[in-house]
Amino acid sequence: MNISMASIGTSNLGVLPYVMEFPHQELLSIVMIKKFNLARKQIFRQNVTLTCHRKTGITRAIAPETTKATVPTSSSVPLANYVPVYVMLPLDVISVDNVFRDQDKCEKQFEELRAAGVDGIMVDVWWGIVEANGAGQYNWSAYRSLFQLVQKTGLKIQAIMSFHQCGGNIGDNVFIPIPEWVLEIGQKNSDIFYTNRAGTRNKECLSLAVDNQPLFEGRTAVQIYSDYMRSFRENMSDFLEAGSIVDIEVGLGPAGELRYPSYTQSQGWKFPGIGEFQCYDKYMKTDFKEAATEAGHPEWNLPDDAGTYNDIPVETGFFGPNGTYLTEKGKFFLTWYSSKLLLHGDQILDEANIAFLGCKVKLSAKVAGIHWWYKDASHAAELTAGYYNLDNRDGYRPIARMLSRHNGTFNFTCLEMRNSEHPAYAKCGAQELVQQVLSVGWKENIDVAGENALSRYDGYAYNQILLNARPNGINKNGPPKLKMAGLTYLRLSEKLLQKRNFNTFKIFVKKMHADLDYCPEYEKPAPVSRSKGEISMDELLEATQPTKPFPWDEQTDARIGGILAEYWDRLLNKFSL
């Protein structure tokens, strides 16, 4: 989950500046508006290519028929420039009581997506729904019905193994807790949850401290996740064999991301607070004390000077100038804290690799785009989340190197953001952060995919995503120098499907495809092979040596509209409040 300013006007998170300011504050004249509308309609007619699809009624998953575009393009651009686009489904497309509601509405929406050239959908497969009735009691029926409908409409599926709670973060408009039987265990032993220095427990997900603790009716947390993924494979084998499911994103923490729940709205966090370390449960305390003792410093304890959720770096002893984070003690703690996160991700991804061995799917993991305080020397918000990233230390390449062991895809967020969209006092560096993270993924020779952090419907945001998807543009003679493996748009909604917004989105999809026709066979993953040998912590830490990111072009060569169109988009956003 990533936090930013909305794409319109002001918000409780800050002020969104505009690329171009008006000489006067009054609205444009009706005549000007009509002219702009006419110009936009002409742009849409020139750029939007609709594709047809074939309905296939099924009761069991079968390979969908190839969908052909109505009019072939004359483009000579190689297919290697094509970036597939997926759309994330609503959080509660399967209700908390495990029912697939509004199937007729969903079918219509899926058909609209398919006609727009969208390659597939992404959906949370909630642990709290499927295993709600008791340990080891799985009910996949509602998700099977959903997958059948998705397949019927010709879309591919990205399935998230969502081992976290829905609710408590930005964009969470529904509440789906982790299974009740797990929460009952937590009532007797609250140390199974992440804990801040004040002792506040976070019930979004289980703490990584209990990954290997047999506290759950004899099972460890990792065994729970493994059993869940194995059951998913068994019950969705026909969809996997048919090639309908192309990606398994493995949930590794809050919001499904590999991080600590350091910034949680339900605990009072507000942008751009630095967040809090989440390692004060009894298991983490014991682990740290053992590590410090082994390092020859039994007197060291967990930080007591790192502030609270809504502090700024300079207000704390830990993150301020010449702060604790720069001392030997601080460096030891941050290395320990971030290493625990790496080991957590590595172990669960290894179980995912075993569970889906031989399946023609990609395995992926998501990392949060924590862009606030990125331009502060302390990178405080990243550090509390577990990303030990400083100006002279790369906190993301060790994650990429760990993922490379499992042939995993590095999924990153906040691709739509620009630094100018955030208040100066938050010292945001969204553009530099995206450039750094995507670069280290490519340097570790793994696929890099991404998402937008907040729903945006304007060409200005889409153009930033297009730039990040192909930082050096389209190559008309072969594969582009750099290219993302895919983009998942957040999120399917009635607002996205409104005529004006959807017309712009269709152009965006076409540009992501490099103006090529929709290619249903583009996503054909190789069978999952066994993970490579374990990578030592020393080797992972070697990856912290900073390197220069790859260069980015100034702007995308697949731009939606032009300066005038961007100006108009931002005008409408400004006056839509």
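Each Cβ is built from the backbone N, Cα and C atoms, and glycine gets one as well.
As the structure is a computational prediction, the values presented were derived from the model and not from experiment.
The substrate binding site feature in TrEMBL is assigned to Asp124, His164, Asp172, Lys366, His371, Thr413, Asn452, Ala453, Arg491. Other C-beta atoms found within 10 angstroms of the C-beta of His371 (substrate binding site) number 28, with every protein chain shown included.
The 10 Å shell around the Cβ of Glu257 (active site, proton donor) contains 24 further Cβ atoms across the protein chains shown. As annotated by TrEMBL, active site, proton donor applies to Glu257.
In sequence order, Met88, Lys366, Asn411, Phe412, Thr413, Leu415, Leu487, Thr488, Tyr489, Leu490 are the residues of the chain that are 6 or more apart from Glu451 (active site, proton acceptor) and have a CB within less than 8 Å of its CB. Here TrEMBL flags Glu451 as active site, proton acceptor.
Cα of Asn452 (substrate binding site) to Cα of Glu257 (active site, proton donor): a span of 14 Å. Counting other Cβ atoms within 10 Å of each Cβ, the binding-site residues Asp124, Asn452, Arg491 show the lowest value at Arg491. For Glu257 (active site, proton donor), the nearest of the binding-site residues Asp124, His371, Arg491 in terms of C-alpha separation is Asp124.
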